[in-house]
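Lifted from TrEMBL, the feature list:
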- A:1-23: region 'Disordered' (REGION)
- A:30-48: transmembrane segment (TRANSMEM)
- A:68-91: transmembrane segment (TRANSMEM)
- A:111-130: transmembrane segment (TRANSMEM)
- A:136-156: transmembrane segment (TRANSMEM)
- A:165-190: transmembrane segment (TRANSMEM)
Amino acid sequence: MSVDPNAPTQGGFPVPPHAGGPRRPHPARFLVPALVAAAVAVGLGAYGKVHDPEGTAFNLAGFSSTSAVKSWLGTTALGFALLQVVSALMVYGRLPGPSWSAALHRWSGRIAFLVAVPVAVHCLYALGYQTYSTRVLWHSFLGCFFFGAFSAKMLLLRSERLPGWLLPVVGGLVFAVLTVVWLTSALWFFRTFGVTT
Amino acid sequence: MKRSGPLFTLFAGLVLALFMLSVNATTGTGSSSYSDDSSGTSEPTAPPTASTPGERPDPSRTATPTPTKKPPADGRYTGRTDDDSASIAITLSDGKAVAYFCDGRATESWLKGDVEDDGSMRLTGKNGAKLDGRLTDDGSKVRGTVDIRKKSWAFTAPKAKKPSGVYRATTEVRGEKVDGGWIVQPDGSQVGILSRDGEPAQAPRLDPATGTVVLDDGGRLTARPVVP
């Protein structure tokens with residue numbers, strides 16, 4: 001990940017931060033996040049598909065099953081993701097918000113991501129990429145897609161002079177995908193097995 | 001002025017993922033998706049003790065393939081009832097056991113429980129199903145009885161290797177709950193029951209190499225080895 005999207009090919013002028021400048025940004029700044037996103041998503045899917053699902057994994061004390069743990073972690077992630085949407089609207093001035101709404105956005109996003117990672121690890125390690133029903137197919141596909149899209153979002157944040165619509169669109173995509181991933185897993189789990197721990 | 005926070009975030013996620021993977025890979029046989037035990041006694045650390053009276057007291061318990069401090073050793077055991085009417089498979093892992101009894105037609109039961117340090121186990125399943133078994137001192141087989149719906153069978157299950165063992169697939173197909181269990185014997189024969197919405201029937205063949213099951217209607221299932 002050493003490719004620097006802002007590196008010298010830019011043209012050499014000092015770049016004013018946050019300016020939606022008139023000059024066309026170098027394609028690398030979109031290409032690199034897009035390629036990384038594709039690599040992450042395809043890599044996760046390939047790992048889940050190729051390796052032999054273990055069927056078992058580390059469990060947390062106090063929970064009846066790893067599925068319950070994952071459902072609750074996923075629900076936590078979705079909760080912070082909702083906070084993401086609200087705080088993003090504050091940052092963009094669409095909602096009245098406190099001065100620390102940017103920090104709120106950053107940290108709720110980090111927490112949501114870090115909470116989602118163990119879920120993905122368990123899914124891919126113990127269950128793998130599966131396609132045996134529509135729900136499972138979409139969950140597998142979008143679960144991998146989510147981490148790709150999230151990587152792209154993180155890398156795009158490092159670029160300046162992006163088109164103004166890009167971050168909200170990518171962020172909204174990440175949120176939408178996470179929602180579907182949650183609907184096809186945790187909600188299904190709670191509906192099937194009840195809201196248990 | 002570049003923001004490195006997002007990179008740190010990604011990096012932290014990567015580190016966390018690698019850490020979890022390493023924990024999974026090293027513990028390997030933690031609790032499973034199927035266990036709903038809450039006994040909390042999953043770490044038997046005492047060394048193997050002599051067996052109970054009536055069994056062969058064999059102090060040299062060294063024939064087990066994994067020379068670990070945790071008795072009994074993990075393993076798969078597959079066999080048949082003494083009257084040859086049904087198959088049974090037991091998987092031991094980390095002091096726990098899960099067993100599947102299946103006649104390939106209508107009677108099946110999943111049982112689970114703890115394995116004592118002396119290799120004895122008392123597993124329970126739904127509707128009062130019970131399995132009393134005992135691992136022989138050399139770890140080569142499990143002998144015991146299984147009671148399901150007031151019937152009792154004695155069984156012997158010798159130690160087996162992959163791909164022998166017990167497999168399970170649970171999913172829903174077009175809103176219908178599908179639950180299948182298979183026992184693959186070392187000679188390659190297998191029995192299985194596939195229940196659709198609780199209606200048991202003979203299961204289609206499982207491909208032990210991939211875990212793939214092709215249903216009558218062309219649908220596919222993926223069965224996985226069952227671990228306690």
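Any Cβ shown, glycine's included, is placed from N, Cα and C.
Against the transmembrane segment (A:68-91), stretch A:111-130 has more CB pairs under 8 A than any other of A:30-48, A:111-130, A:136-156. Non-local neighbours of the transmembrane segment (A:165-190) in the same chain are 67-68, 70-72, 74-75, 77-78, 81, 84-85, 88, 92, 112, 116, 135-136, 138-139, 142-143, 145-146, 149-150, 152-153, 156-157; each lies 6+ residues outside the stretch with a CB under 8 Å from one of its CB atoms.
Using a Cβ-Cβ cut-off under 8 Å and counting only residues 6 or more beyond its ends in the same chain, the transmembrane segment (A:30-48) has close neighbours at 1, 3, 5, 120, 123-124, 127-129, 140-141, 143-145, 147-149, 151-153, 155-156, 159.
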